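As recorded in TrEMBL, the features of this protein are as follows:
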{"type": "DOMAIN", "residues": "47-436", "note": "domain 'Amino acid transporter transmembrane'"}
{"type": "TRANSMEM", "residues": "73-94", "note": "transmembrane segment"}
{"type": "TRANSMEM", "residues": "115-139", "note": "transmembrane segment"}
{"type": "TRANSMEM", "residues": "159-177", "note": "transmembrane segment"}
{"type": "TRANSMEM", "residues": "184-207", "note": "transmembrane segment"}
{"type": "TRANSMEM", "residues": "227-248", "note": "transmembrane segment"}
{"type": "TRANSMEM", "residues": "260-283", "note": "transmembrane segment"}
{"type": "TRANSMEM", "residues": "303-321", "note": "transmembrane segment"}
{"type": "TRANSMEM", "residues": "342-365", "note": "transmembrane segment"}
{"type": "TRANSMEM", "residues": "371-394", "note": "transmembrane segment"}
{"type": "TRANSMEM", "residues": "415-436", "note": "transmembrane segment"}
Amino acid sequence: MTSHPTYEAYGQPYVDEKASMTAEKQDSGGSRDVFAEDDVHQIQYKTLSWQAVSLLMIAEIVSNGILSLPSALAVVGIVPAVILIVFLGIFGLYTAKLLIDFKLNHPNVHTMGDAGYIMSGPVAREVLAFGTVAFAVFASGSELLSSQQALSTLSNQGVCSMYLVIIAGAVGFLISLPRTLDRLAWMGFLSAIVIAVAGFVAMIGAGANPVPGRSLTVAASSNFFDAFLAVTNPVFAYAGHFMFFILISEMRRPEDAMKAAWCLQGFATVFYTVFSVVVYVYIGNTVQSPALFSLPPAWAKATFAIALANFLFTSGLYVHTAAKLVFVRIFRHSEHIHSHTLLGWTVWALLCFTGVAVAAILAIAVPIFSYLIGIAAALFAAWYTYGLAGFFWLHDVYHLKGGVDGLKGRPIGTILAVLTIIAGAFICAAGTYVSIKLIVEAYASGQVGKPFIC
């Protein structure tokens, strides 16, 4: 017999009779928390503090932002770009609140796929689960490319880039292997410090070596393609919400998750703004993406050397996320989740290896991989970070207050939720269009290289 779902995050606990009739539908393992605590379990998952979660998220998100954001200022200008960065940081905090409330209302939700199943059934589960795995693997491949760029810069391009990706992949595989996220928390702490220090070193390097005669743009007019291409950088710099459910599932006190979200979004928003403005002001409109390539060689090497640890850790964390989703899907509520079984560890190691191998092969063998990352981000991250949060709010309020009347009784929340969905749809459509057009132009101009070359 299943328990009736309750909705605590919106006020008084409420028993939804309709939801109770479909409780068996909520996920393939029933309505229980996937990591329900039991002292006899050999592997304990619920060990993360909110501080650890915030550091893991900072380590995962900020590495993308500091590489790409300064170039956005060169396209649209300082004022529009700063407004956009701050707005998206606040918007990301709002959507994080909606995701966290949904997780607290549905403890059995471990991934976006589980959430999709509650709202729309098995098709939504498969689509959102696939998107999570695909985006995590693509993001891991992106971090492998960042690691390769760092190693190539440090070696003065003296080693074949293909070998460097493989080396970085091997390190990422080892990082992804621990079964519980608390084993990665100390690395998350170091990684967050490392990427913050790397950002400060880059700002010092830019300030110590300003570009003579540089030009700055306060606000620039541009066509839709160029403008939205610049907008995609800050939009996807906050794209880490797809990991929220997985991280919260391993917290000792899931109700503290909003503290982690405040810490993450607060730090990322302030750091992104300061870093982007400082680097752009001293380098000007010639700033490159990644921004570290705009620094003098010695400063670029110093920054890449510091940031390398973050790139490697983040690649492993992404693979861990993808492997965890598939592993739980296979063994949900079985002994292999909580016990050191041969089958469990074999499957886990194979999943981690497969994730790293696919990420490395994509980075090495697909000449347009950097463009495909943009498409993956547009298709999935736009929804995970922004759009889906609106659906989560509408779903729970509908069940909490008895249908349409409940939504009408909360007009501001309903309007915000609908606008959030529209924003996710727009980012998805426009981002996909921009990424596809970039691929077409790259082929037309002969910029696309060949696979498996140094």
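Along the chain as shown, residues are numbered 1 onward.
Heads up, the Cβ atoms here are built off N, Cα and C, so glycines get one too.
The stretch in closest packing with the transmembrane segment (227-248), judged by the count of Cβ pairs under 8 Å and taken from 159-177, 184-207, 303-321, 342-365, 371-394, is 371-394.
Sequence-distant residue pairs (6 or more apart) of the transmembrane segment (260-283) and the transmembrane segment (342-365) include fewer than 3 whose Cβ atoms are under 8 Å, leaving the two stretches without contact. Tertiary neighbourhood of the transmembrane segment (184-207): same-chain residues 48, 52, 55-56, 58-59, 62-63, 66, 175, 178, 271, 274-275, 278-279, 282-283, 291-292, 294-296, 299-300, 302-304, 306-307, 309-310, 313-314, 316-317, 320, selected by CB-CB distance under 8 Å and a gap of 6+ residues from either end. Within the same chain, the transmembrane segment (342-365) stays apart from the transmembrane segment (73-94): fewer than three Cβ pairs sit under 8 Å, each pair at least 6 residues apart. Residues 216-220, 222, 226-227, 229-231, 234-235, 237-238, 241, 261-262, 265-266, 268-269, 272-273, 276-277, 280-281, 284-287, 385-386, 389, 416, 420, 423 of the same chain lie 6 or more positions beyond the ends of the transmembrane segment (73-94) yet place their CB under 8 Å from a CB of it. The list of residues near the transmembrane segment (115-139) in space but at least 6 beyond its ends in sequence, with Cβ under 8 angstroms from a Cβ of it, reads 25-28, 102, 106, 109, 242, 245, 314, 318-319, 321-322, 325-326, 329, 355, 358-359, 362, 372-373, 376-377, 379-381, 383-384, 388, 391-392, 395.
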